[in-house]
Amino acid sequence: MESVENQDHLVVSSEANHPANLIPELCSLFYTLGWVTGTGELVYIAPSGVQKERILPKDLFVMDRSSLKLLRSPNPPIKPSACTPLFFNAYNMRNSGACIHSHSQNAVLATMVFDKEFTISHQEMIKGIKRDGTDTYLSFFDTLVVPIIENTALEQDLTSSMAQAMKDYPESCAVLVRNHGVYVWGETWQKAKTMSECYDYLFELAVKIRAMRINQN
Ligand SMILES: CSCCC(=O)C(=O)COP(=O)(O)O
Ligand SMILES: [Zn+2]
């Protein structure tokens, strides 16, 4: 059997949007936003516990989506992101093409001021959020609802509660984790990124609305 450490062709591409080039670029962008950490038939996964803004294509793991077999591992061996089983919730339960995990303070603050669900309505940016499993987006007058699950000591221990929240909220494209951050997924990396930006904006806005005691009627 070929070594998973010598499959460099899987992470070499001249296409800017190839996951091998895109993931380092997005990790670098998310680092500048203070979010940090994130991820066909191949699943590209960032390494765990490293400085995400410095990731290079050669640092990525590549996994077969259906068999979960690791096809490529960086050399020297490091672990794939601890979020891998949570990313697979999004891939398997929603057939999504990309999942982004962020530790944005806006997401964390939202989990501190809301109880079981984050809600917001009558905001233009709500229109950037899809109703998962449908071809429609929320309207200005809809209420955006995001489930909040409790944090655990280890990232992988969030897997079942995230899966339960996804079953309970079939149209949500995100799950908040109390005092930790958020997972956002989409059918493409572009949709996952755009929705991450909309969610983050709305989390920040809702926290400020509460802090300023603005009455929304
Ligand atoms: C300071 S990060 C703590 C663990 C965590 O929340 C996380 O998301 C780890 O992600 P990684 O991709 O670095 O394994
Ligand atoms: Zn995390």
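Backbone N, Cα and C atoms are what each Cβ position is placed from, and that goes for glycine too.
Residues His101, His103 are recorded by TrEMBL as Zn(2+) binders, and the candidate that the same record lists for that site, out of His18, His180, is His180. For His180 (Zn(2+) binding site) paired with Cys83 (substrate binding site), the C-alpha to C-alpha distance reads 12 Å.
Using a 10 angstroms CA-CA radius around Cys83 (substrate binding site), the recorded positions that qualify from His101, His103, Glu124 are His101. The two recorded residues His103 (Zn(2+) binding site) and Glu124 (active site, proton donor/acceptor) have their Cα atoms spaced 24 Å from each other. On the backbone, the CA of Glu124 (active site, proton donor/acceptor) and the CA of His101 (Zn(2+) binding site) stand 24 Å apart.
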